[in-house]
């Protein structure tokens, strides 16, 4: 009995349990992805027009993007308190929206609903931040897979919640808003005390690689299953029992990873005591010994041999320590010049303000604005793009890009981790690679080649998703874990900032212009405009053909090439940092 009690305590403090619980949190946290299903309910229930719904969409985007407070609170509050704040915001925001839409409360002005939507959606920033901060600290040497899988589940959450809603067969549409308010709140409240840093860097097991492969397998099966369910529901009318069965299978797939911590704690042999360093040992020694000073002289690099990076870690540490001792002795005798350090160096812990004055941080941010902003523009306009090409079932492409977005996040984390782990090459090179792929997909559409909508759906989904696995992991490596929540939430502003320009100005402006040109041409060719002043109403014009978005896609293809150049500059600037972080020689 005593042994079981000890194992149960070990189970509660196992980093794999924290990771699985964080996956469940993320599977409920993509509330913003459900707005496309919620907005028609609000529109019909409140009698709003499309312009008013668009304002609610802006409030949703702002709530999804502004996560500064969540990042700051992660540094001063326990993770469960951060998650609980998100639960309260989600429950209150969408709960009151449901009461209004279901006419259980009197109708309130539009601005009040905008505030409520903002509050409710902003709750997911607390869910994302709490889960990511906990797991990145618990798995410091597996940041790519961790971020990729967690962000992937966030991207799939809309499809998961929609499928769960279909199972309950609620009598009215307003119940979808009710489920968004109550469902995530219940799940996250149930697991919020499990999601926390547990000293996971001291819990390394030889079986960790196999555990990651198992979770990757679950991710692939889950994506394929959801795609099959979506197609099945679209092509045939399913009865209630079949929908319930399909949803139960989906929930089993989501719960299945709990097998890993159960097996590791209760059924496997005691693990050897291993530990992953949160910071490379030479950096730790140097930071502790030097305090707020650094040695600045050209002779430092002269004394440091070029063979040092090829040595084993322990031997390299001894040589660096010996060199440091000589340098300190020289400094004490006045033979070298000592200057006061101006903040941390790459690979150490930065605050957000310290990171904001670094060129690497802004290069990453601007690259993200251009590339992920282009990806989000495609995602936001995909329904209208497919409609302009003559497809009637536009939601198929929307669902398809969501699933490829999920796979892109998982694959981006996996492949970028291999790059840093086996080659010690900068992780942003993976970001540069997917930006080239996105540029090709956008150029393919701009040229109007056959099947372009399928190429865009697959490659843009993969590329956009991969960014949100690669970038947070890279930033945590270059700027540390201490303020990771604040750094991550600042980066989340990049996508909406890019989309605001590319979609709100470029894409919409070109679309309206082409629609107006087509409308004028149709009137003139039909003879309706002869002898009559031509009046064209812009608000409800529809554009047809690839011409509607071809110029926009061409522009964004060029922007992705610029993003690629910016990413490669980061790669060039951080080669030595990654060589030190992962203890490998430079290529």
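The backbone N, Cα and C atoms fix where each Cβ goes, and this holds for glycine too.
TrEMBL annotations: computationally assigned, not manually curated.
Computed from a predicted structure; not experimentally measured.
As recorded in TrEMBL, the features of this protein are as follows:
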- 15-262: domain 'Nodulin-like' (DOMAIN)
- 16-42: transmembrane segment (TRANSMEM)
- 62-88: transmembrane segment (TRANSMEM)
- 108-127: transmembrane segment (TRANSMEM)
- 174-199: transmembrane segment (TRANSMEM)
- 211-232: transmembrane segment (TRANSMEM)
- 244-267: transmembrane segment (TRANSMEM)
- 350-376: transmembrane segment (TRANSMEM)
- 356-515: domain 'NFD4 C-terminal' (DOMAIN)
- 396-416: transmembrane segment (TRANSMEM)
- 428-447: transmembrane segment (TRANSMEM)
- 453-475: transmembrane segment (TRANSMEM)
- 487-511: transmembrane segment (TRANSMEM)
- 544-571: transmembrane segment (TRANSMEM)
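By number of Cβ pairs under 8 Å, the transmembrane segment (453-475) is matched best by 428-447 from the list 174-199, 428-447, 487-511, 544-571.
Using the rule of three or more Cβ pairs under 8 Å, pairs at least 6 apart in sequence, the transmembrane segment (396-416) is not in contact with the transmembrane segment (350-376). Only pairs six or more apart in sequence are counted, and the transmembrane segment (174-199) with the transmembrane segment (62-88) gives three or more Cβ pairs under 8 Å, enough to call it a contact. Sequence-distant neighbours of the transmembrane segment (244-267) (same chain, 6+ residues past either end, Cβ-Cβ under 8 Å): 7, 10-11, 14, 16-17, 19-20, 23-24, 27, 160, 163-164, 166-167, 205, 207, 211, 214-215, 218, 221-222, 225-226, 229, 232, 238. Listed stretches 62-88, 108-127, 350-376, 487-511, 544-571 were compared with the transmembrane segment (428-447); the greatest number of C-beta pairs under 8 angstroms is found for 544-571.
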